[in-house]
Amino acid sequence: MYRIKERDFVILTEVLRKADEIKPSQYAKRMVFEKYNILGTHIDRILTAVYYKIMKRLGVIDKIIRDVVGVHPNILDPWLRSALRVTIEFLVFEKKYTKHLDKERVKKVVADFLSNVTHPYVGMYYFETFERIASYKLEPKDEIERLEFEYLLPAWYIRKMKELLGEEAEELFKAFNREPMISIRVNTLKATVKEVIDHLRRQGKEVIVSSVVPTVLKFEGPYDFDKSKLYRKGKFVVQEEASALASILLDPKPNETVVDLCAAPGGKTIHMAELMRNRGVIHAFDVDELRLKRMEELIKRCGVKIVKIYKMDARKAVDVLGESIADKVMLDAPCTSDGTLMKNPELRWRIREEKIEEIAQLQYELLNTGIDLLKPKGRILYCTCSIFREENEDVVERVLKERDDVKLVPLEGYYSEGFLKVTIRAFPHKHNTIGFFYALLEKTE
Ligand SMILES: C[S@@+](CC[C@H](N)C(=O)[O-])C[C@H]1O[C@@H](n2cnc3c(N)ncnc32)[C@H](O)[C@@H]1O
C-alpha cells in the first residue's frame, strides 16, 4: 500500500493553487503531476482521489480554517489557503493514512515550500497554525451542522431542502454521496440496443436496461469511453436517464420544426434528431462557445444532419426565426444543477443561494420566448436539473398566471408528480438518476 509522504502535501498544495486560476481544474492537476513526474503512476491515482475528496469537502474544510485562523479562507494568501486545505484533509479527515508521518517534518517541508513560492512570513504563519490543525476535533454544534459534516453540503442548502422535502431530505443527501452508475443512451440512427449491450457485456459489464427510457443502459464504472470503438463511432452517447426522458416527453416527429433554446452540448438535440429520424429541422441556440464546439463534434459523431446552430442569447430567438414557427420547443434551461451533485463533487460549494432568483428570472424569460415561438397547438417542454421549487414549479406557475395562450399538458406515468399537478420530478434518492423537473405546455391559439 502506498504511504503518503511530505512531498504529497506540497504537490496537492500546488494543484489547489493552480486550480484557482486554471479551469477546468483537471488541467491544473495534470500540469502539476507532470512537473513532479507522477502523471499516470499509482501516486497520480491516489492523489487524484484525495484531490476530489478535498473538493467534495471544501465547505467543511473552509469552516475549519475559519475556526483555526479566525478569518474567511478567501482573504488568506492563496498559497497558504491551499496548504491549509490540504493539511486539514490529511490530518483531520485522512488520519488513518497519515499517522505514520513525522508531523514535525511535514510542518517544516510545507512551511519551507510556502516561504519559497511566496513570502517567508507565509511559511512562518503555516508553521504556527499547523499544531492547531493536527489537534483539531470536528464536532457538530447542532443538527444542521451534523448533516453538513456528514453529507458535505452547505448549511443553507440543507435548510432549504428540509423545507421542501421534510424528513425525506436526508435520503436525498445520502443519494448525493453515492457513486452514480454510468448511464448511456444508444443512438438508434447508428446502432441497436442489442448491439451495444453485447459490446458492453463482452467488456465484462453487467448492463441494466432502463425501465423508463428503453434505449438507456446503466452499468458500474469506471469506463474508458475513448477506448470504446462504438462510442467513438457515435453508436452511443453519455446521457442520464432523467435527461433522456425529456426528448421522449416532448415527442418531436419527423419533418417537424423544432427549436432547442439551450442546446449545448447537444445531448437532447441529437436525441430529438434521432426521434425525428433525421428529417425536419432543429434550430439550436446556446451562448457558450466551448459547449457549442462540443456539440458540433457530437452532432458529427452521431450522424445527425438536421441541426442549425445559433451562437446567441436564446431570448432573441424570435428576432431570428419569427413568432409562431415551431411545432416543438425544448427548453432545458440553465439552472443551479443541484440535481446532479452526485456527479459533480465540486459543484456543491459553488451553488449560491442568492443566485437562485436571478436564474429563475432568466428561466422565466426563456420560457416566454419559447411560447412565443410556438405555432398554435405547438408544445414546449420546460425542464431543469435543479431541485429548487423556485426554478421549476414557480417559473411555470408565474407564466401560466400571466399568459392565457398556453396550458399545461398532463404528464404522468413517469417518476413522481411535481409540486404542481401534472408536472413530473425525478429524485436521485427515489429514482436512481439525477434530479430533474419536467412541465409540458401547449399553445392554445
Ligand atoms: C442545462 S444546459 C443545456 C444542456 C443541453 N440541453 C443538453 O442536453 O446537452 C443549459 C445551457 O443553457 C445555456 N445558456 C445559458 N443562458 C443562455 C441564454 N440566454 N441563451 C441560450 N443559451 C443559454 C448554457 O450555456 C448551457 O449550455
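Cβ coordinates come from backbone N, Cα and C, glycine included.
TrEMBL lists 172-444 with the feature domain 'SAM-dependent MTase RsmB/NOP-type'.
According to DSSP, LYS268 (S-adenosyl-L-methionine binding site) is assigned to a helical segment. Summarising the annotation, TrEMBL assigns S-adenosyl-L-methionine binding site to CYS262, ALA263, ALA264, PRO265, GLY266, GLY267, LYS268, ASP286, ASP313, ASP332.
Look at CYS385 (active site, nucleophile): DSSP puts it in coil. Annotation comment: TrEMBL describes CYS385 as active site, nucleophile.
LYS268 (S-adenosyl-L-methionine binding site) counts 24 other C-beta atoms within 10 Å of its own C-beta, drawing on all protein chains shown. Taking only the Cα positions, the spacing between CYS385 (active site, nucleophile) and ASP313 (S-adenosyl-L-methionine binding site) is 20 angstrom. Each of the recorded positions ASP313, CYS385 was ranked by the number of other C-beta atoms within 10 Å, and first place falls to CYS385.
Just so you know, the Cβ of ALA264 (S-adenosyl-L-methionine binding site) picks up 24 other Cβ atoms within 10 Å once every protein chain is counted. Long-range neighbours of CYS262 (S-adenosyl-L-methionine binding site) (same chain, six or more residues apart, CB within less than 8 Å of its CB): PHE285, ASP286, ALA314, LEU331, ASP332, ALA333, PRO334, LEU366.
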